[in-house]
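Annotated features, as they stand in TrEMBL:
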type	residues	note
ACT_SITE	Cys38	active site, nucleophile
ACT_SITE	Cys41	active site, nucleophile
DISULFID	Cys38-Cys41	disulfide bond
DOMAIN	1-115	domain 'Thioredoxin'
SITE	Asp32	site 'Deprotonates C-terminal active site Cys'
SITE	Gly39	site 'Contributes to redox potential value'
SITE	Pro40	site 'Contributes to redox potential value'
Amino acid sequence: MTDAEKAHATIEVSDASFSTEVLSSDRPVLVDFWATWCGPCKMVAPVLEEIASERAGQLTVAKLDVDANPETARDFQVVSIPTMILFKDGQPVKRIVGAKGKAALLRELSDAVPNLT
């Protein structure tokens, strides 16, 4: 994978595409609820890109801008950002609030997605 491909390993989702891209996915999807003005969101973004490229066969990483897509954020009671929610089989199974490093994120996700660490 080239550096350019790694830089775009995550997918962008919206209120309109959330059901198709996340809830109907056949693999686990980690959704990053973020905003352009959020400093901690910017800190965690490269970590999520790295996880997305390195774990592409096991996990999809999606990003949802809460300002542009308030409906989905409201539906899942996202009140602070960054919030990451892991969806499996269309259901939220894990919620992580706040910016975390790569090792901490993988540890938190490993109980729901085997062999991530």
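Any Cβ shown, glycine's included, is placed from N, Cα and C.
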Tell me which residues of the chain lie with their Cβ under 8 angstroms from that of Pro40 (site 'Contributes to redox potential value'), as long as they are six or more apart in sequence?
Ile81, Pro82, Gly98, Ala99
Mind giving me a neighbour count for Gly39 (site 'Contributes to redox potential value')? Other Cβ atoms within 10 Å of its Cβ, every protein chain shown.
8
The domain 'Thioredoxin' (1-115) [mean pLDDT, rounded to integer]:
92
With Cβ-Cβ distance below 8 Å and at least 6 positions apart along the chain, what are the contacts of Cys38 (active site, nucleophile)? List them in sequence order.
Ile81, Pro82
Between Asp32 (site 'Deprotonates C-terminal active site Cys') and Cys41 (active site, nucleophile): CA-CA distance (Å):
9
